[in-house]
Amino acid sequence: MGVPIVQESVQPDNKTGELISLKEKISYGMGDFGNGFMFDLGQLYLLKFFTDVAGVSAGAAAGIFLVSKLFAAVCDPIVGSFVDYRKHIGTRGKFRPFLIVGSVILAILTILTFISPNISPTGKLIYAYASYMIWGIGYSIVNIPYGSLGAAITQDTHQRASLSSFRQAGSLGALFVTSVVVMPLILLFPNHHVGYPVVMGIMSLIGVIAFIICYRGTKERIVSQSGPKEKLSIGVIVHTFTNNKPLLVLVLMTIFTISAYNIKSALLIYFAEYNLGHVELMAYMNFIIIGSSLLGVLFLPKLVRRFGKRKTAILGMLVSVIADSINFFMPSNVYIFTILASISFIGISIPNGVTWAFVSDIIDYGEWSSGERKEGITYSLFNFSRKLAQSLSGFLSGIGLALIGYVPNVVQSSGTLLGIKALLCLYPAVALALAMLVIGKMYKLTDSRHAEMVQELQRRHADNRV
């Protein structure tokens, strides 16, 4: 049964044509920079921590990722509903206050996730499940409001593309730093049981500072005059999802793109240690690979202006598919691999960046089609697909390692080495090819159609104020 909730009316400041300052764009990007300092740690190092430090088997680690991410995915719409149905929205805005409180909670939970208590193997497994599941809730509390914030800053297509590029730059910046410095810092500690939580604590503190910058430097301009009129219920959440066709398409595309990206990120450390023979190479490789990805972000606004968001996303995925396919068949040489992996990451950074502009457009579509603006629920449903993809990638990474015969901290067989490379290159290529088909054939919310919708929404808002 739905619970009737009345939200206090908020007067909109719909200056959609207002140019967003460089300072605000940087501040907005700092949100994903801070987010990455806690999220990327799990994507890059948690599987390795589970298998090689905590002593959890690869198969059991796969189960942790699968169950924890599915649990977090289910929690996302609940958090999104809470954001949308809040009774009182103060002068600080609808979304920004969550960035302060949520980031501190997430930082603490991130450190706890990288602790392996000195208890029985069963106890360690239970702790790993519990800590990562609770971490998922903490991540939703800060990430869903941040993800919804972009739609509240502007409705202009080109401004959103620019904001998306800054967000993706922040994400890649965090990935760049955490990929390059974390493992060398951990290796400074003879005892990795100590090194992991200490280093993760340092990274998490940087993440909190970045979120504070985001909070202080951004402004919410597009705010609904009133909250959703419907009673909050599971039916409302399901209806929001099933009646927004562009959202359904984006969810399907994201399952493929994010699982491809996360598997590449998670398996790279295994490839560096076992296929190339030196785990310390990961820092240098990531310096080049992630640094190169920023090129895709730099050209993103110009590509969107030239081709539109949909064609730009397809172009980036095509580049990544070709590079990954070639890389699998090339010898496992650090130079060849790094060059092709860099090209692949440049390609995949483009659709990942455009995605945030897609989400903001889809929030507008939901308001246009239903008459109610539900940023939190809509973004949480999109984030649901990201959690499914993260669950899938974590599960496939762990199960894949188990199936190819991976044994931690020993010399791997030739078959296992080939399997690591296949997981790293072939799965992303296939997944991105499927994502290209989905967005190319099924996504109908073009930039021109969105511009028409925004004009109609502005007319509605003007009529409501008369």
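Heads up, the Cβ atoms here are built off N, Cα and C, so glycines get one too.
According to TrEMBL, the domain 'Major facilitator superfamily (MFS) profile' annotation covers 1-443. The feature transmembrane segment is assigned by TrEMBL to 53-74, 95-115, 127-149, 169-189, 195-215, 247-271, 283-300, 336-359, 388-407, 419-439.
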Close approaches to the transmembrane segment (53-74) from elsewhere in its chain (Cβ under 8 angstroms; 6 or more beyond its ends): 47, 116, 121, 124-125, 128-129, 132-133, 135-137, 139-140, 192-193, 196, 383-384, 387-388, 390-399, 401-402, 406, 408
Criterion met for the transmembrane segment (169-189) and the transmembrane segment (283-300) (at least three Cβ pairs under 8 Å): yes
Stretch among 95-115, 195-215, 247-271, 283-300, 388-407 sharing the most Cβ pairs under 8 Å with the transmembrane segment (336-359): 283-300
